[in-house]
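Straight from TrEMBL, the features:
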- 1-44: region 'Disordered' (REGION)
- 67-85: transmembrane segment (TRANSMEM)
- 105-130: transmembrane segment (TRANSMEM)
- 142-164: transmembrane segment (TRANSMEM)
- 189-218: transmembrane segment (TRANSMEM)
- 230-245: transmembrane segment (TRANSMEM)
Amino acid sequence: MRPTGDHNHKSLSPLDKENAEIEVKTERDLKDDDQVVEEQDSKTEETPSLPLVAHLGELRKQLIKSIVVFILFFVIVFATINIWFPYVTRGHQLIVLGPLEVVKFYMSISIALAVGLALPFVCHFLWQFVGPGLNENERRFLSLYAPVMLLLFVGGLAFGYFVVNPISYNFLTTLGAVNFDVMISAQEYVSFLLMTTVPLGLIFELPIVAMFLAAIGLLTADSMKKVRRWSYLALAVVSALITPPDFISQLIVLIPMMLLYETSIYIVRRAEQRSA
């Protein structure tokens, strides 16, 4: 006989119970997997900010190192200002127009020399920051041309210091001595010295700048040839601003700058031929 009772109630066999437990466990595992995936997605959304924070931290580190090196050289130059003084003034008789001008003069010399002395270290720190993010070609390009850029900048400074500055200074003081008692203040002399050296250091970077612009497709040798006349005119204006108004002094400055421009055209042309 069949047992009496509720016919809607079904008794589960041990096999059915085992299958039910497996289904419940599977559903629980699926829920756990979905939760893990959601957590991973949320972490993935947060991760892009981590590299930016790391880069900013590395940039801050390199900036601090650069500032420390600059301050160190500034203190050294300022403490030994009497050693540097003859090389800056070149024996010229300078005057000061007030007690604070002495401090301004020493500060200007110390800052300018500290920047120049710290520049190689700053370039090294900059390389430590950008180097890991560059590919092999970019790294090879910078490692090859960074020293060249530094040498060109120093060469421009030397050209201004040994050629442009003495020619301009002697001409202007001689011109003024005709009708005036020439007395040069210390601060004015430093400003004039920087004006006749730093711009030339930057202009001497022209070949490297041209190569960089050509590498990113913003400059070609043909375009440089097309604007050659206007470029020479701009260089002539620059040479007129930092030299005496006599023709010889302007030519002494203009000719090297024109040679730099032609060298830039040649370098860009060679780069185009290699990439073709």
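Any Cβ shown, glycine's included, is placed from N, Cα and C.
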(message) At a C-beta cut-off of under 8 Å, are there same-chain residues at least 6 beyond the transmembrane segment (105-130) that contact it? List them, or none.
(response) 58-59, 62, 65-66, 69-71, 73-74, 77-78, 81, 84-85, 88, 96, 142, 146, 150, 153, 157, 186-187, 190-191, 194
(message) Please identify the stretch among 67-85, 189-218, 230-245 with the greatest number of Cβ pairs below 8 Å relative to the transmembrane segment (142-164).
(response) 189-218
